Amino acid sequence: MKAKHQRLILALVALVALVGAGLLAASALRDEAAYFYAPGDVKAKGVEPGKAIRLGGMVVKGSLKRASDGVTMTFDVTDGKASVPATFSGIAPDLFKEGSGVVAEGSFDDQGTFIATNLLAKHDERYMPRELEGMSYNETTRELQVER
Amino acid sequence: MHRFANPARFLKIARPLTGWLFWSGLSLLLAGCICGLFVTPADYLQGQTVRILYIHVPAAWLGMAGWTGIAVSALMQLVWRHPLAAVAGRAIAAPGALFTAICLATGSIWGRPTWGTWWEWDGRMTSMLVLLFLYLGYIALANASARQGAGQGGVSNVTAIFGLVGAINIPIINRSVVWWNSLHQGPSITLRGSSIDMALLWPLGLTLLGFSLWFGAIVLMRMRAILAQNKVEARMQRLARG
(Lines of atoms letter the chains of each structure in order from A and count residues from 1; the text may use other names and numbers.)
(Lines give C-alpha, C1' and ligand atoms only; values in the text may rest on other atoms or scores of the structure.)
Protein backbone atom coordinates (compact mmCIF):
# COMPACT_ATOMS: atom_id res chain seq x y z
CA MET A 1 0.00 0.00 0.00
CA LYS A 2 1.35 3.36 -1.00
CA ALA A 3 1.85 6.02 1.66
CA LYS A 4 -0.62 8.20 -0.26
CA HIS A 5 -3.37 5.59 0.15
CA GLN A 6 -2.55 5.16 3.82
CA ARG A 7 -2.98 8.88 4.34
CA LEU A 8 -6.24 8.88 2.37
CA ILE A 9 -7.69 6.05 4.49
CA LEU A 10 -6.50 7.72 7.69
CA ALA A 11 -8.07 11.03 6.65
CA LEU A 12 -11.36 9.37 5.69
CA VAL A 13 -11.56 7.37 8.94
CA ALA A 14 -10.85 10.53 10.92
CA LEU A 15 -13.49 12.41 8.93
CA VAL A 16 -16.14 9.70 9.51
CA ALA A 17 -15.37 9.65 13.24
CA LEU A 18 -15.55 13.43 13.34
CA VAL A 19 -18.88 13.66 11.52
CA GLY A 20 -20.27 10.90 13.77
CA ALA A 21 -19.15 12.77 16.88
CA GLY A 22 -20.61 16.00 15.54
CA LEU A 23 -23.97 14.42 14.76
CA LEU A 24 -24.07 12.72 18.16
CA ALA A 25 -23.39 16.03 19.87
CA ALA A 26 -25.98 17.81 17.75
CA SER A 27 -28.69 15.23 18.45
CA ALA A 28 -27.86 15.30 22.17
CA LEU A 29 -28.21 19.06 22.05
CA ARG A 30 -31.49 18.88 20.15
CA ASP A 31 -33.58 19.82 23.17
CA GLU A 32 -30.98 21.86 25.03
CA ALA A 33 -30.04 24.07 22.09
CA ALA A 34 -33.64 24.90 21.21
CA TYR A 35 -34.02 28.63 21.20
CA PHE A 36 -37.59 28.62 22.54
CA TYR A 37 -40.31 26.40 23.97
CA ALA A 38 -43.37 25.82 21.78
CA PRO A 39 -46.78 25.74 23.56
CA GLY A 40 -46.90 21.99 22.84
CA ASP A 41 -43.58 21.49 24.70
CA VAL A 42 -44.91 23.52 27.64
CA LYS A 43 -48.06 21.38 27.88
CA ALA A 44 -46.16 18.10 27.43
CA LYS A 45 -43.22 18.72 29.78
CA GLY A 46 -44.56 21.40 32.06
CA VAL A 47 -42.60 24.53 32.92
CA GLU A 48 -42.73 25.67 36.53
CA PRO A 49 -44.11 29.18 37.13
CA GLY A 50 -41.49 31.89 37.47
CA LYS A 51 -38.81 30.08 35.43
CA ALA A 52 -37.42 32.42 32.75
CA ILE A 53 -37.99 30.90 29.31
CA ARG A 54 -38.72 31.91 25.75
CA LEU A 55 -42.09 30.94 24.32
CA GLY A 56 -42.39 30.73 20.53
CA GLY A 57 -45.29 30.14 18.18
CA MET A 58 -47.95 31.86 16.14
CA VAL A 59 -50.22 34.60 17.47
CA VAL A 60 -53.76 33.15 17.21
CA LYS A 61 -55.94 35.17 14.81
CA GLY A 62 -58.57 37.17 16.68
CA SER A 63 -56.90 36.72 20.08
CA LEU A 64 -54.88 39.96 20.17
CA LYS A 65 -56.51 42.51 22.47
CA ARG A 66 -55.06 45.82 23.59
CA ALA A 67 -55.92 47.17 27.05
CA SER A 68 -57.18 50.72 27.52
CA ASP A 69 -53.76 51.86 28.84
CA GLY A 70 -52.49 51.49 25.27
CA VAL A 71 -49.34 49.50 26.04
CA THR A 72 -50.64 46.26 27.55
CA MET A 73 -51.79 43.54 25.20
CA THR A 74 -53.00 39.98 25.60
CA PHE A 75 -52.85 37.27 22.97
CA ASP A 76 -52.74 33.49 22.58
CA VAL A 77 -49.66 31.67 21.30
CA THR A 78 -50.12 28.37 19.47
CA ASP A 79 -47.99 25.79 17.69
CA GLY A 80 -50.97 23.84 16.35
CA LYS A 81 -50.77 21.32 19.23
CA ALA A 82 -51.53 23.57 22.17
CA SER A 83 -52.31 27.18 22.88
CA VAL A 84 -51.32 29.33 25.86
CA PRO A 85 -52.46 32.84 26.83
CA ALA A 86 -49.79 35.54 27.08
CA THR A 87 -49.65 39.17 28.14
CA PHE A 88 -47.12 41.88 27.40
CA SER A 89 -46.82 45.56 28.12
CA GLY A 90 -44.36 47.58 26.14
CA ILE A 91 -43.42 48.31 22.57
CA ALA A 92 -43.82 45.34 20.25
CA PRO A 93 -41.78 45.06 17.01
CA ASP A 94 -43.51 46.20 13.79
CA LEU A 95 -43.83 42.67 12.47
CA PHE A 96 -45.70 41.49 15.57
CA LYS A 97 -49.30 40.85 14.52
CA GLU A 98 -52.04 38.21 14.49
CA GLY A 99 -51.31 35.10 12.47
CA SER A 100 -47.59 35.84 12.54
CA GLY A 101 -44.72 34.25 14.46
CA VAL A 102 -43.59 35.51 17.84
CA VAL A 103 -40.88 34.67 20.36
CA ALA A 104 -41.73 36.00 23.82
CA GLU A 105 -39.23 36.18 26.70
CA GLY A 106 -40.66 35.93 30.20
CA SER A 107 -42.19 33.39 32.56
CA PHE A 108 -45.49 31.76 33.46
CA ASP A 109 -47.54 32.98 36.40
CA ASP A 110 -49.49 30.67 38.71
CA GLN A 111 -52.58 30.79 36.51
CA GLY A 112 -50.67 29.53 33.49
CA THR A 113 -50.56 32.89 31.71
CA PHE A 114 -47.25 33.76 30.13
CA ILE A 115 -45.99 37.15 31.33
CA ALA A 116 -43.71 38.41 28.54
CA THR A 117 -41.01 40.95 29.32
CA ASN A 118 -39.83 41.22 25.72
CA LEU A 119 -41.34 40.34 22.34
CA LEU A 120 -39.45 39.34 19.21
CA ALA A 121 -41.18 38.92 15.86
CA LYS A 122 -40.35 35.76 13.93
CA HIS A 123 -41.14 35.79 10.23
CA ASP A 124 -41.23 32.80 7.90
CA GLU A 125 -39.13 32.04 4.83
CA ARG A 126 -41.50 33.66 2.32
CA TYR A 127 -40.65 36.87 0.51
CA MET A 128 -42.99 38.39 -2.09
CA PRO A 129 -44.23 41.72 -3.45
CA ARG A 130 -47.18 43.45 -1.79
CA GLU A 131 -49.48 42.66 -4.74
CA LEU A 132 -49.28 38.96 -3.89
CA GLU A 133 -50.10 39.39 -0.20
CA GLY A 134 -53.68 38.16 -0.53
CA MET A 135 -52.51 34.88 -1.97
CA SER A 136 -52.16 31.84 0.21
CA TYR A 137 -49.08 29.70 0.43
CA ASN A 138 -49.23 25.94 0.02
CA GLU A 139 -46.76 24.38 2.48
CA THR A 140 -46.41 21.08 0.64
CA THR A 141 -46.03 22.30 -2.93
CA ARG A 142 -44.41 25.58 -1.85
CA GLU A 143 -46.53 27.46 -4.34
CA LEU A 144 -48.69 30.54 -4.08
CA GLN A 145 -52.38 30.14 -4.77
CA VAL A 146 -55.11 32.71 -5.15
CA GLU A 147 -57.39 32.54 -2.12
CA ARG A 148 -60.99 31.76 -3.02
CA MET B 1 -4.54 18.36 -10.37
CA HIS B 2 -0.80 17.83 -10.06
CA ARG B 3 -0.41 19.43 -13.47
CA PHE B 4 -0.79 22.71 -11.62
CA ALA B 5 1.74 21.76 -8.93
CA ASN B 6 4.24 23.74 -10.96
CA PRO B 7 3.68 27.36 -9.88
CA ALA B 8 4.78 28.67 -13.28
CA ARG B 9 2.02 26.72 -15.02
CA PHE B 10 -0.52 27.77 -12.39
CA LEU B 11 0.48 31.43 -12.73
CA LYS B 12 0.14 31.29 -16.50
CA ILE B 13 -3.55 30.50 -16.05
CA ALA B 14 -4.16 32.45 -12.83
CA ARG B 15 -2.80 35.76 -14.12
CA PRO B 16 -5.36 36.38 -16.91
CA LEU B 17 -8.13 34.59 -14.96
CA THR B 18 -7.80 37.03 -12.05
CA GLY B 19 -8.78 40.00 -14.21
CA TRP B 20 -11.67 38.19 -15.84
CA LEU B 21 -13.11 37.03 -12.52
CA PHE B 22 -12.56 40.41 -10.88
CA TRP B 23 -14.26 42.58 -13.51
CA SER B 24 -17.09 40.19 -14.44
CA GLY B 25 -17.78 39.59 -10.75
CA LEU B 26 -17.70 43.29 -9.90
CA SER B 27 -20.07 44.23 -12.74
CA LEU B 28 -22.49 41.41 -11.88
CA LEU B 29 -22.62 42.26 -8.18
CA LEU B 30 -23.02 45.98 -8.88
CA ALA B 31 -25.84 45.22 -11.33
CA GLY B 32 -27.45 42.94 -8.76
CA CYS B 33 -27.16 45.52 -5.97
CA ILE B 34 -28.58 48.32 -8.14
CA CYS B 35 -31.50 46.15 -9.30
CA GLY B 36 -32.05 44.95 -5.73
CA LEU B 37 -32.13 48.54 -4.47
CA PHE B 38 -34.16 50.25 -7.19
CA VAL B 39 -35.91 47.75 -9.46
CA THR B 40 -37.46 45.02 -7.30
CA PRO B 41 -40.67 45.67 -5.33
CA ALA B 42 -40.70 45.90 -1.53
CA ASP B 43 -41.61 42.81 0.51
CA TYR B 44 -45.24 42.46 1.64
CA LEU B 45 -44.23 42.09 5.28
CA GLN B 46 -40.83 43.68 5.77
CA GLY B 47 -41.10 46.49 3.23
CA GLN B 48 -37.80 48.03 2.11
CA THR B 49 -35.78 46.21 4.79
CA VAL B 50 -35.80 43.05 2.68
CA ARG B 51 -33.24 44.55 0.28
CA ILE B 52 -30.36 43.72 2.64
CA LEU B 53 -30.98 40.12 1.51
CA TYR B 54 -28.96 40.77 -1.66
CA ILE B 55 -25.78 41.24 0.45
CA HIS B 56 -26.58 39.04 3.45
CA VAL B 57 -27.22 35.81 1.53
CA PRO B 58 -24.10 35.95 -0.73
CA ALA B 59 -21.99 36.81 2.33
CA ALA B 60 -23.36 33.81 4.25
CA TRP B 61 -22.84 31.54 1.23
CA LEU B 62 -19.23 32.69 0.73
CA GLY B 63 -18.41 32.41 4.43
CA MET B 64 -19.50 28.76 4.32
CA ALA B 65 -18.12 28.05 0.83
CA GLY B 66 -14.79 29.53 1.97
CA TRP B 67 -14.43 27.06 4.80
CA THR B 68 -15.47 24.22 2.50
CA GLY B 69 -12.64 25.34 0.20
CA ILE B 70 -10.24 25.34 3.18
CA ALA B 71 -11.34 21.79 4.08
CA VAL B 72 -10.93 20.51 0.49
CA SER B 73 -7.49 22.07 0.16
CA ALA B 74 -6.55 20.68 3.59
CA LEU B 75 -7.52 17.19 2.39
CA MET B 76 -5.46 17.65 -0.79
CA GLN B 77 -2.52 18.90 1.26
CA LEU B 78 -2.63 16.06 3.79
CA VAL B 79 -3.35 13.18 1.42
CA TRP B 80 -1.83 14.12 -1.93
CA ARG B 81 0.77 16.60 -0.63
CA HIS B 82 -0.30 19.03 -3.35
CA PRO B 83 2.01 22.04 -2.99
CA LEU B 84 -0.58 24.62 -4.08
CA ALA B 85 -3.28 23.30 -1.73
CA ALA B 86 -1.51 24.74 1.32
CA VAL B 87 -1.20 28.09 -0.44
CA ALA B 88 -4.89 28.00 -1.43
CA GLY B 89 -6.00 27.31 2.15
CA ARG B 90 -4.05 30.29 3.40
CA ALA B 91 -5.38 32.49 0.60
CA ILE B 92 -9.04 31.63 1.28
CA ALA B 93 -8.97 32.29 5.03
CA ALA B 94 -8.97 36.11 5.12
CA PRO B 95 -11.73 36.75 2.52
CA GLY B 96 -13.76 33.90 4.06
CA ALA B 97 -13.53 35.54 7.48
CA LEU B 98 -14.41 38.91 5.97
CA PHE B 99 -17.58 37.60 4.30
CA THR B 100 -18.59 35.77 7.50
CA ALA B 101 -18.23 39.06 9.38
CA ILE B 102 -20.29 40.85 6.68
CA CYS B 103 -22.98 38.18 7.04
CA LEU B 104 -23.11 38.65 10.83
CA ALA B 105 -23.14 42.45 10.56
CA THR B 106 -25.86 42.63 7.89
CA GLY B 107 -27.88 40.00 9.76
CA SER B 108 -27.69 42.09 12.92
CA ILE B 109 -28.75 45.26 11.07
CA TRP B 110 -31.59 43.29 9.46
CA GLY B 111 -32.68 41.71 12.74
CA ARG B 112 -33.26 44.99 14.57
CA PRO B 113 -36.18 46.29 12.43
CA THR B 114 -37.71 42.89 11.60
CA TRP B 115 -37.28 40.72 14.72
CA GLY B 116 -36.78 43.54 17.20
CA THR B 117 -33.28 42.54 18.32
CA TRP B 118 -29.67 43.05 17.24
CA TRP B 119 -28.51 39.67 18.44
CA GLU B 120 -29.99 36.51 19.91
CA TRP B 121 -28.21 33.28 20.80
CA ASP B 122 -30.22 31.04 18.51
CA GLY B 123 -28.74 28.08 16.61
CA ARG B 124 -28.12 29.85 13.30
CA MET B 125 -26.51 32.97 14.71
CA THR B 126 -24.39 31.13 17.25
CA SER B 127 -23.07 28.60 14.72
CA MET B 128 -22.25 31.42 12.28
CA LEU B 129 -20.34 33.27 15.03
CA VAL B 130 -18.45 30.03 15.74
CA LEU B 131 -17.48 29.97 12.04
CA LEU B 132 -15.98 33.47 12.36
CA PHE B 133 -13.97 32.35 15.42
CA LEU B 134 -12.82 29.25 13.50
CA TYR B 135 -11.56 31.52 10.70
CA LEU B 136 -9.68 33.71 13.20
CA GLY B 137 -8.18 30.61 14.81
CA TYR B 138 -7.14 29.25 11.41
CA ILE B 139 -5.50 32.54 10.43
CA ALA B 140 -3.64 32.76 13.74
CA LEU B 141 -2.47 29.15 13.42
CA ALA B 142 -1.42 29.66 9.78
CA ASN B 143 0.57 32.79 10.65
CA ALA B 144 2.20 31.17 13.67
CA SER B 145 3.38 28.16 11.69
CA ALA B 146 4.55 30.25 8.73
CA ARG B 147 6.80 32.25 11.00
CA GLN B 148 8.49 29.03 12.03
CA GLY B 149 9.28 28.45 8.38
CA ALA B 150 6.86 25.63 7.59
CA GLY B 151 6.12 24.88 3.96
CA GLN B 152 6.56 27.21 1.02
CA GLY B 153 4.26 30.03 2.13
CA GLY B 154 1.41 27.62 2.72
CA VAL B 155 -0.08 26.42 5.97
CA SER B 156 1.41 23.74 8.21
CA ASN B 157 -0.15 20.28 8.50
CA VAL B 158 -1.51 21.16 11.94
CA THR B 159 -3.36 24.12 10.39
CA ALA B 160 -4.69 21.85 7.64
CA ILE B 161 -5.99 19.37 10.23
CA PHE B 162 -7.68 22.29 12.03
CA GLY B 163 -9.29 23.27 8.72
CA LEU B 164 -10.58 19.73 8.24
CA VAL B 165 -11.92 19.44 11.80
CA GLY B 166 -13.62 22.84 11.56
CA ALA B 167 -15.61 21.66 8.52
CA ILE B 168 -18.01 19.87 10.90
CA ASN B 169 -19.51 23.30 11.61
CA ILE B 170 -20.66 23.78 7.99
CA PRO B 171 -23.49 21.17 7.98
CA ILE B 172 -24.40 22.35 11.50
CA ILE B 173 -24.88 25.94 10.24
CA ASN B 174 -26.91 24.65 7.30
CA ARG B 175 -29.18 22.44 9.44
CA SER B 176 -29.37 24.71 12.50
CA VAL B 177 -32.75 26.17 11.56
CA VAL B 178 -34.16 22.70 10.86
CA TRP B 179 -32.83 20.82 13.90
CA TRP B 180 -33.58 23.44 16.51
CA ASN B 181 -36.27 26.01 17.18
CA SER B 182 -34.70 29.26 16.08
CA LEU B 183 -35.52 32.92 15.65
CA HIS B 184 -33.98 32.82 12.19
CA GLN B 185 -36.51 31.57 9.64
CA GLY B 186 -36.12 28.23 7.84
CA PRO B 187 -34.43 27.82 4.45
CA SER B 188 -36.09 29.78 1.62
CA ILE B 189 -34.28 28.12 -1.25
CA THR B 190 -34.31 24.33 -1.18
CA LEU B 191 -34.20 21.53 -3.74
CA ARG B 192 -37.99 21.77 -3.95
CA GLY B 193 -37.88 25.37 -5.10
CA SER B 194 -37.81 28.86 -3.68
CA SER B 195 -40.29 30.53 -1.35
CA ILE B 196 -38.84 33.89 -2.39
CA ASP B 197 -41.08 35.18 -5.17
CA MET B 198 -39.41 35.47 -8.59
CA ALA B 199 -39.99 39.25 -8.55
CA LEU B 200 -37.63 39.52 -5.56
CA LEU B 201 -35.39 36.55 -6.33
CA TRP B 202 -33.60 37.37 -9.60
CA PRO B 203 -31.17 40.08 -8.35
CA LEU B 204 -30.06 37.60 -5.68
CA GLY B 205 -28.83 35.35 -8.51
CA LEU B 206 -26.76 38.26 -9.87
CA THR B 207 -25.19 39.17 -6.52
CA LEU B 208 -24.58 35.51 -5.60
CA LEU B 209 -22.73 34.87 -8.86
CA GLY B 210 -21.01 38.28 -8.79
CA PHE B 211 -19.70 37.97 -5.21
CA SER B 212 -18.61 34.37 -5.90
CA LEU B 213 -16.56 35.35 -8.99
CA TRP B 214 -15.10 38.25 -7.01
CA PHE B 215 -14.21 35.89 -4.18
CA GLY B 216 -12.41 33.68 -6.71
CA ALA B 217 -10.47 36.70 -7.99
CA ILE B 218 -9.44 37.69 -4.44
CA VAL B 219 -8.27 34.14 -3.70
CA LEU B 220 -6.23 34.01 -6.93
CA MET B 221 -4.68 37.41 -6.13
CA ARG B 222 -3.71 36.26 -2.66
CA MET B 223 -2.29 32.97 -3.99
CA ARG B 224 -0.19 34.88 -6.52
CA ALA B 225 1.00 37.24 -3.79
CA ILE B 226 2.01 34.31 -1.56
CA LEU B 227 3.88 32.64 -4.46
CA ALA B 228 5.65 35.92 -5.27
CA GLN B 229 6.59 36.28 -1.60
CA ASN B 230 8.09 32.77 -1.70
CA LYS B 231 10.20 33.71 -4.68
CA VAL B 232 11.47 36.82 -2.90
CA GLU B 233 12.33 34.84 0.21
CA ALA B 234 14.11 32.12 -1.77
CA ARG B 235 16.16 34.73 -3.58
CA MET B 236 17.01 36.54 -0.34
CA GLN B 237 18.17 33.30 1.21
CA ARG B 238 20.35 32.56 -1.81
CA LEU B 239 21.87 36.06 -1.56
CA ALA B 240 22.42 35.68 2.18
CA ARG B 241 24.29 32.45 1.60
CA GLY B 242 26.31 34.34 -1.02
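Every residue, even glycine, has its Cβ placed from backbone N, Cα and C.
What TrEMBL records for A:1-7 is topological domain 'Cytoplasmic'. Per TrEMBL, topological domain 'Extracellular' is recorded for A:29-148. As annotated by TrEMBL, heme binding site applies to A:His123, A:Tyr127.
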| field | Local backbone state of A:Tyr127 (heme binding site), from DSSP in three classes | value | strand
| task | Determine the minimum-neighbour residue: among A:His123, A:Tyr127, listed as binding-site residues, which Cβ has the fewest other Cβ atoms within 10 angstroms? | result | A:His123
| Going along the chain, which residues at least six beyond the ends of the topological domain 'Cytoplasmic' (A:1-7) come within the CB cut-off of under 8 Å? | none
| query | Tell me, what is the mean pLDDT of the topological domain 'Cytoplasmic' (A:1-7)? | reply | 82
| request: Using DSSP, break the topological domain 'Cytoplasmic' (A:1-7) down into helix, strand and coil residues and give each count. | output: 5 helix, 0 strand, 2 coil
| message | Is it possible to list how many residues within the topological domain 'Extracellular' (A:29-148) are helical, extended or coil according to DSSP? | response | 10 helix, 49 strand, 61 coil
